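Visitor: Found this in Swiss-Prot, in case it helps:
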BINDING   87, 89, 91  Mg(2+) binding site
BINDING   88, 104, 111  Zn(2+) binding site
């Protein structure tokens with residue numbers, strides 16, 4: 001039988017309740033809320049999770065720059081947060097977003113543009129012109 005939730009079942013969310021890796025990061029998958037397409041994966045720390053929830057603009061942690069990365073801040077290809085979901089182990093996030101323009105830095109709609117078929121790589125998506 002399916003459990004029915006009521007207002008008393010709601011729990012206040014805190015980024016500190018997530019399980020971060022040894023670098024203090026958690027993976028976050030971005031998914032287009034309208035098409036269901038998987039757009040990208042990037043990392044978040046507790047502060048970037050909090051910033052994302054506060055601003056509604058998806059904010060990642062750049063491991064290479066060691067700084068916050070507000071998606072689309074320089075390119076204009078923003079990700080507007082619709083809903084943030086936590087997986088069952090609390091060690092991964094799913095950001096349901098409205099994506100403006102391409103999500104990938106290669107100018108493709110998705111970062112997942114290479115398929116492996118019969119042991120060979122196939123480019124299945126071209127850059128947006």
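Cβ coordinates come from backbone N, Cα and C, glycine included.
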Visitor: Count the Cβ atoms, other than its own, that fall within 10 Å of the Cβ of residue 89 (Mg(2+) binding site), considering every protein chain shown.
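Guide: Taking all protein chains shown, residue 89 (Mg(2+) binding site) has 8 Cβ neighbours within 10 Å.
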Visitor: Note the Cβ centroid of 87, 89, 91, the recorded Mg(2+) site, then list each other residue of that chain whose Cβ lies within 8 Å of it, in sequence.
Guide: 19, 86, 88, 90, 92
Visitor: So if I draw a 10 Å sphere around the Cβ of residue 104 (Zn(2+) binding site), how many other Cβ atoms end up inside it?
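Guide: By my count, 17.
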Visitor: Sort residue 87 (Mg(2+) binding site) into helix, strand or coil using the DSSP assignment.
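Guide: Going by the DSSP assignment, residue 87 (Mg(2+) binding site) belongs to neither helix nor strand, so it counts as coil.
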Visitor: Compute the C-alpha separation of residue 91 (Mg(2+) binding site) from residue 111 (Zn(2+) binding site), stating it in Å without decimals.
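Guide: Counting only the Cα atoms, the answer is 21 Å.
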Visitor: Cα distance, residue 104 (Zn(2+) binding site) to residue 87 (Mg(2+) binding site), nearest Å?
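Guide: So the alpha carbons of residue 87 (Mg(2+) binding site) and residue 104 (Zn(2+) binding site) sit roughly 24 Å from each other.
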Visitor: Given residue 104 (Zn(2+) binding site) and residue 89 (Mg(2+) binding site), what distance in Å do their CA atoms have, once rounded to a whole number?
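Guide: Between the Cα atoms of residue 104 (Zn(2+) binding site) and residue 89 (Mg(2+) binding site), the distance comes to 27 Å.
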Visitor: Which state, by DSSP, holds residue 111 (Zn(2+) binding site): helix, strand or coil?
Guide: coil
